[in-house]
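Database features (TrEMBL):
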type	residues	note
DOMAIN	25-306	domain 'Gcp-like'
BINDING	H112, H116, D299	Fe cation binding site
BINDING	L135, V136, S137, G138, G139, D168, G181, E185, N271	substrate binding site
Amino acid sequence: MGIVLGIESSCDETAAALVTTDRRIVAQRIASQDAEHAPFGGVVPEIAARAHADRLAPMVEAVMREGGLELHELDAIAATAGPGLIGGVMVGLVTAKALAMAGEVPLIAVNHLEGHALSPRLADPSLAFPYALLLVSGGHCQILRVEGLGRYRRLATTIDDALGEAFDKTAKILGLGFPGGPAVERLAREGDPRAVPLPRPLVGSGEPHFSFAGLKSAVLRARESGRYRDADIAASFQQAALDCVVDRLALALDAMEPVPALVVAGGVAANRAIRGALEELAEGRGLRFVAPPPALCTDNAAMIAWAGCERIGQSDPLDIAARPRWPLDPGAEPVRGAGYKA
Ligand code: KG4
Ligand code: ZN
């Protein structure tokens, strides 16, 4: 059995965790920076980097103490090396490099998206490759065929906003604060999902890509019209987003080589309505449905430590660079209309 220290600092969560190769989360700490970013309605990169720099070292100290371990007893130190806000990524990666040197243990530079993509395997030991993955977070919205460690085929991405971003913008329009996803989900429970006519961008189109910018603009117009209750807008938005996801995913599943399981990961995977709809889609196609517990869906260090566990035996050089962009499938065709997106 091996044990890996994981470090996450790519966005607005500072986190450290110890995870074993037999899937035990021995210790973990996570600090959200919601309060610091809330006044700005979104993550401010400079504030995030400074907060990571202040908090990370004591968190690492705390998990090591709780695990009763010295640095040299670790099998590896895994840190997010991208994609993400570069200042924050550098804080985590440089910390991991220093710890790896001090403990004379291998450094593993983890792709944050791979952390999300493999997190369902931490939660569910029986989940084997290959599987279809819907990866939905604040920065990413992709459908992938996960074929093995480091082998990802991207079938779809967003041509504008990510799904989490659409939730966050809807929350902002409704004055629900930041981060918006959980607040929109809560309010949606009190609303009628059919009350507000909203578009389903790209539904029915021949390629399984996503687009949410038009939906967000329609939410804004609905709010400004003054004709609808906020709860009805939230519920109708969530329903429209969910219809898009199910339609796009169904198309992607048709297009990919068959897989036995449908998996969802990333922050938006914490959304119960979306989990329910995906479960139904999977059931209808005779696929297993796997979704990690919500705490493993939003950014955390256990998933980074787990990606390190999956890669145990490998090591990266101490001069490896932090990467603001790092696509899981570098060979994926660029999508017309999309800027360069990881
Ligand atoms: O994976 P994550 O923690 O960070 C990124 O890598 O982006 O995802 C954060 C995103 C945010 O946009 C947040 O609003 C969304 O996930 N989110 C949710 C829910 N919980 C988090 N969206 C909808 N419903 C939720 N319950
Ligand atoms: Zn993430």
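These residue numbers are counts, starting from 1, taken along the chain as shown.
Cβ from N, Cα, C; glycine included.
What TrEMBL says about a protein is an automatic prediction, not a curated fact.
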Structural state of H116 (Fe cation binding site), classified by DSSP into three states: helix
The domain 'Gcp-like' (25-306) [mean pLDDT, rounded to integer]: 97
Neighbour-count leader, CB within 10 A, binding-site residues: S137, N271: N271
Binding-site residues near ligand 2 among L135, S137, G139, G181, N271, D299 (Cβ under 6 Å): S137, D299
Cβ-centroid neighbours of Fe cation site H112, H116, D299, 8 Å, sequence order: E8, S10, C11, T80, L113, G115, S137, G266, N300, M303, I304
Helix, strand or coil at G139 (substrate binding site) [DSSP, three-state]: coil
Between N271 (substrate binding site) and D299 (Fe cation binding site): CA-CA distance (Å): 14
Assigned element (helix, strand, coil) containing G181 (substrate binding site), judged by DSSP: helix
H112 (Fe cation binding site) and N271 (substrate binding site), Cα-Cα, nearest whole angstrom: 20
Secondary-structure category, per DSSP, in which N271 (substrate binding site) falls: coil
For H116 (Fe cation binding site), the number of other Cβ atoms found within 10 Å of its own Cβ: 30
